[in-house]
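Each remark here refers to the structure printed beneath this line.
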Amino acid sequence: MKLTPHVHTVFAAFFRQMRCHRLYTAINVMGLALGLAACLTFGLIARYEFTFDQWLHGARGIYRLDAVNVQDGRASEIADAPFRVYDALKAAFPEITHATRIRPDNISIITADDVRSSNALYVDPDFFETLPYPLVRGDAASALSAPNSIVLSEERARTYFHTINVIGQKLTVDHDGRKAELIVTGVLSHVPGNVTLQPDMLIPIDSAMLASPAFLQWGIEGGYVFCRLHAPSDAKRLQGAMVRFSLDHVPPQVRDAGELRDWRLRPLPSLHFLDGTLGISSASRNSVIMLGLIGLLALLSAIINTINLSTARGLLRAREVAMRKTLGATRGDLIIQFMGEAILLAACAAIPALALIEIAIPTINALGGWDVVIPYDLLIPALLVLVILVGMVAGTYPAFWLSAYQPARVLAASRMATMGRLGAVVRLGLVVIQFGFAIGLSVSSVVILRQSVFVRDMDRGFDRNGLLFIPFIDNIGTPTAQLALMDAFRNVPGVTTVSSFYTMPGDFGFSAADYFSPLNAPDQRPRLEWQDVGRDYFRLFGLHLIAGRLFDDAHGEDDQQKGKGIHSVVIDASSARALGYTTPQAALGQTIRKHTDRAPWHVIGVVNDVRLNSARSAPLPSIYFYSSMPYRFSSAGVRFENRPERDVEANLRTIWQSRAPDLAFSALLASDLLSHDYRGDERRGELLAIGAGVAIFIALMGMYALASFTVARRMLEVGIRKTLGATTARVLGLLLGQFLKPVLGAGLIGCTLAWVVMRNWLSGFDARIPLSPLYFAAVFAAALLVAALTVLFQTLNVARAEPARALRAE
Amino acid sequence: MLIELSHIQRLYRSDEVETTALQDIDLQIETGEFVAIMGPSGCGKSTLLNILGTIDRPTSGSYRFGTQELTAMNEAELAKFRREHLGYVFQSFNLIDELTIEENIELALIYREMPKSERRARVAHAVDHVGIAHRARHYPSQLSGGQQQRAAIARAIVGQPSLILADEPTGNLDTDNGAQVMDILQRLNDEGATIIMVTHSPSHADLARRRIDMLDGQVVVSVRNAI
Ligand SMILES: Nc1ncnc2c1ncn2[C@@H]1O[C@H](COP(=O)(O)OP(=O)(O)OP(=O)(O)O)[C@@H](O)[C@H]1O
Ligand SMILES: [Mg+2]
């Protein structure tokens with residue numbers, strides 16, 4: 001192959017084009033840079049999501065043991081396991097070389113001037129053998145062997161000691177209900193963001209904990225159990241033996257209650273998305289795949305621009321090509337020429353693409369809560385491969401198309417060459433794909449953002465503003481101490497109501513449900529959400545009474561903790577319906593009982609429905625029980641008004657600290673808790689909107705450039721038509737129609753696809769917006785409008801031209 | 001009087017240079033005349049024809065067509081004028097490549113909001129008239145130069161315009177084809193159309209009833225041919 005002259009021609013032609021056709025080159029380079037950047041940015045995110053935990057040495061041999069419970073005939077997997085299984089498991093399966101229990105908890109760190117709360121993992125000494133997190137200080141083999149040791153993350157070490165040389169330092173903590181002095185035995189190296197377990201502190205499980213019920217009873221989930229197997233092939237055998245293991249070890253009464261019927265061994269790298277499906281995290285494989293697809297499609301869209309533009313340019317050059325062929329250039333020469341030009345174009349785009357990625361990654365990280373680090377050693381080769389690939393793809397079509405052109409036909413044509421019918425169809429198809437994708441994405445992001453706003457603003461049946469929660473006030477001491485604490489809270493300026501309760505909004509805190517039946521209709525047995533509440537609970541949440549009365553200390557029987565007789569309950573409207581009462585009034589005075597035992601209750605009141613849980617699941621009908629004294633796991637709720645939340649919180653903190661100087665104070669805003677219900681979707685919608693913006697931008701750029709070629713090509717035709725009596729308006733309509741027709745088609749395709757996908761997505765919500773045609777119409781209209789505006793200037797210019805000038809144009 | 005030009009001037013301004021394509025043209029043309037315009041290249045023949053065809057505007061002067069003053073009309077009115085009264089034959093045919101001969105011809109009727117069936121009939125008649133009926137479904141690039149010019153004439157006459165403007169209709173054609181085109185134009189004139197034709201061929205100019213000679217943007221002589 002005589003390569004040198006080719007390369008020379010390619011470069012020469014490329015630089016001539018760059019000079020002579022600045023707009024064409026700029027649009028091509030900009031579009032490709034955006035496309036490459038979008039593709040690689042979303043690609044990096046997809047890689048980040050798909051490689052969770054894989055950096056950990058031997059990650060494929062590490063498994064989490066999930067428990068499988070059966071409820072109403074349906075098996076449900078939970079990520080936790082009772083710690084009782086730990087010893088039995090190790091004894092039963094010698095294939096397990098190492099295993100550790102992991103109990104996440106919140107502990108208080110006491111320093112000279114402050115008490116701070118931190119996450120901690122209680123683990124077995126085998127932790128590092130099972131999950132080999134690297135240490136920057138200390139020795140993994142011995143770090144967790146002494147009972148009073150603690151391993152800190154680099155970040156925590158710096159927070160408390162301002163250095164990572166902390167081996168042997170002492171740290172005072174209040175944990176597991178007692179104060180202790182721990183000795184730092186190791187410091188964890190910084191770990192990448194894509195880990196399922198991000199330990200801040202590791203503390204060995206000590207003998208006091210081992211004696212607690214969570215470690216002894218089969219019925220109580222203690223936390224996670226991880227194990228390392230001899231070989232990954234053992235996992236299959238182990239999994240097969242798990243039902244037998246359950247039969248052999250789990251007590252019958254636990255099994256009979258539907259619990260621990262089976263177990264699942266889940267490989268560590270699969271946990272990220274698994275937890276998403278188990279409802280523990282918001283990870284979703286589909287949305288990651290969607291992001292990856294958006295990246296690919298953005299690149300495709302940019303490639304389409306290059307194809308369309310170089311074909312259009314090629315048409316203007318058709319005579320040149322034809323002349324070259326007449327002068328003896330072979331088809332191969334021309335193919336090399338066009339591909340070479342396209343590859344050079346893509347190479348020019350690579351540098352701005354890199355800059356765009358550098359800007360995009362931190363932004364996207366902040367938006368999506370990721371911690372993606374740009375891996376240059378991977379990115380640069382990937383970029384190079386993409387450049388070649390993109391160049392080849394973008395160059396192939398025009399190269400083959402134009403080189404196949406017969407010189408005689410081109411030269412014989414009265415004027416500029418056209419692409420013929422097939423070429424026009426292909427070009428139209430490409431534009432349809434571009435806009436279809438952009439419109440589909442836009443509609444989807446609009447729908448997702450609307451839905452997240454809907455969830456944010458929806459009426460949950462209670463007033464979320466001015467509502468603060470102080471979780472787990474039982475840590476502070478006896479019920480009397482808790483009551484005293486709440487009394488003190490009541491005196492804070494701005495505070496109007498304080499009450500204790502157990503279930504916080506947004507799936508945070510504790511919840512329990514049970515089956516209840518009316519005494520006289522045992523066949524009705526709805527599952528009702530069990531809500532233990534303190535005094536003033538209804539006032540705290542701002543519920544309103546529909547029928548009957550609320551709990552009242554004047555009625556002794558209202559208090560579950562007082563007297564032996566039949567106690568009172570308040571139910572909500574949907575519970576009343578579920579129990580079979582036709583009206584709320586009909587429920588009053590009725591006696592109901594728990595499905596499993598005899599103890600009856602009288603219904604004294606009916607309140608409005610409240611949605612504490614996610615908008616994704618059906619609202620839970622609730623039943624309220626009043627106890628005047630708080631007990632274990634109680635939290636306090638504080639309603640305030642006319643005061644900034646910061647002031648109220650500071651006052652509450654002061655009160656807390658005067659009563660429990662060793663316990664970290666924490667307060668949660670109801671609106672923050674509820675934000676978990678829509679933040680994820682909001683972010684997803686915003687990411688989609690970014691993708692849509694990029695897609696639209698690329699498509700419009702392509703359309704703009706294409707318009708300038710097409711319009712130039714149709715100048716003569718415009719002159720002819722006007723000579724024949726066409727008005728400016730008609731010509732404008734004709735030209736605009738040519739550009740908008742593909743957008744119209746694209747709108748139909750994009751909207752249809754988005755409709756199918758969004759209907760499916762919305763069906764995952766119990767409370768959702770209707771999939772209004774308005775969203776589609778609005779996006780569609782907007783797309784047409786921007787497309788029209790994009791080409792309007794050039795089109796108008798041609799349409800308004802004096803016919804004589806237009807006829808002269810060639 | 002069909003056409004009355006008085007003091008028509010056309011200047012082209014580009015950056016520094018100012019070209020006077022036409023200066024002070026006075027011209028009257030009666031209904032049913034067949035006028036040939038001659039003159040050396042660059043003397044302003046095409047410019048004059050463009051102005052007569054209202055596809056170019058004079059820099060100054062007045063152009064009356066019948067009772068209408070065309071220089072006072074706006075874009076839309078001029079477009080309406082062109083589609084109702086005018087047939088235009090270009091030197092370089094100016095057929096649209098993407099359309100068939102039939103469609104090209106039909107274009108002259110489309111802007112008249114005429115029913116499809118009538119358009120069909122007229123197009124069929126026009127292609128017959130110029131003798132290219134067998135080529136009606138071909139694309140322009142598939143026709144010879146003479147055939148393309150006849151197609152362009154068919155397009156100009158299909159709307160039965162009262163004024164036909166032809167800019168060197170025989171310029172690109174050989175003698176035989178040229179003669180055929182002249183034959184068609186003469187027949188149209190016999191049928192009552194007013195024809196103004198630019199030509200470099202004295203023999204073709206002799207077929208017209210009147211001959212106008214131009215030089216440097218001015219009419220120098222206007223002679224009536226003896227017939
Ligand atoms: N758009 C324009 N801009 C500047 N000058 C122009 C323009 N159109 C025509 N001219 C000039 O006006 C003059 C008359 O041009 P025109 O095309 O009318 O000549 P012509 O008599 O038709 O010549 P030919 O016989 O070669 O067709 C010429 O000098 C030409 O250069
Ligand atoms: Mg001329």
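Cβ from N, Cα, C; glycine included.
TrEMBL annotations: computationally assigned, not manually curated.
As annotated by TrEMBL, transmembrane segment applies to A:23-46 (among others).
Sequence annotations record features per position, and here TrEMBL assigns domain 'MacB-like periplasmic core' to A:25-242 (among others).
Feature annotation from TrEMBL assigns transmembrane segment to A:288-307 (among others).
TrEMBL lists A:293-400 (among others) with the feature domain 'ABC3 transporter permease C-terminal'. In terms of DSSP secondary structure, the domain 'ABC3 transporter permease C-terminal' (A:293-400) contains 96 helix, 0 strand, 12 coil.
Residues 6-7, 9-11, 13-14, 17, 25, 28-37, 40-41, 44, 306, 310, 314, 321, 324-325, 374, 379, 383-384, 386-388, 390-392, 394-396, 398-400, 402-403 of the same chain lie 6+ residues outside the transmembrane segment (A:334-357) yet bring a C-beta within less than 8 angstroms of a C-beta in it. The annotation transmembrane segment is assigned in TrEMBL to A:334-357 (among others).
Sequence-distant contacts of the transmembrane segment (A:378-404), counting only residues of its own chain at least 6 positions beyond either end whose CB sits under 8 Å from a CB of the stretch, comprise 32, 35-36, 39-40, 43-44, 299, 302-303, 306-307, 310-311, 314-315, 317-318, 321, 325, 331, 334-335, 337-347, 349-350, 353-354, 357, 419, 423, 426. Annotation source TrEMBL lists transmembrane segment at A:378-404 (among others).
The transmembrane segment annotation in TrEMBL covers A:424-449 (among others). Listed by sequence, the residues of this chain that lie at least six past the ends of the transmembrane segment (A:424-449) yet keep a Cβ under 8 A from its Cβ atoms are 294, 297, 300-301, 304-305, 307-308, 311, 397, 418, 681-682, 684-686, 688-689, 691-692, 695-696, 698-699, 702-703, 706, 741-743, 745-747, 749-751, 753-755, 757-758, 761-762, 769, 771, 775-776, 778-780, 782-783, 787.
Summarising the annotation, TrEMBL assigns domain 'MacB-like periplasmic core' to A:454-615 (among others).
Sequence annotations record features per position, and here TrEMBL assigns transmembrane segment to A:687-707 (among others).
Marked as domain 'ABC3 transporter permease C-terminal' by TrEMBL: A:691-803 (among others). Across the domain 'ABC3 transporter permease C-terminal' (A:691-803), DSSP helix (H, G, I), strand (E, B) and coil residues number 95 helix, 0 strand, 18 coil.
If one looks beyond the transmembrane segment (A:743-762) by at least 6 residues along the same chain, the residues whose Cβ comes under 8 Å of a Cβ in the stretch are 428, 431-441, 443-444, 447-448, 451, 768-769, 771, 776, 779-780, 783-784, 787. Annotation comment: TrEMBL describes A:743-762 (among others) as transmembrane segment.
Among the features that TrEMBL reports, transmembrane segment is placed at A:774-793 (among others). Same-chain residues lying 6 or more positions outside the transmembrane segment (A:774-793) and placing a CB less than 8 Å from one of its CB atoms are 435, 438-439, 442-443, 446-447, 450, 696, 700, 703-704, 707, 711, 735-736, 739-740, 743-744, 746-747, 751, 754-755.
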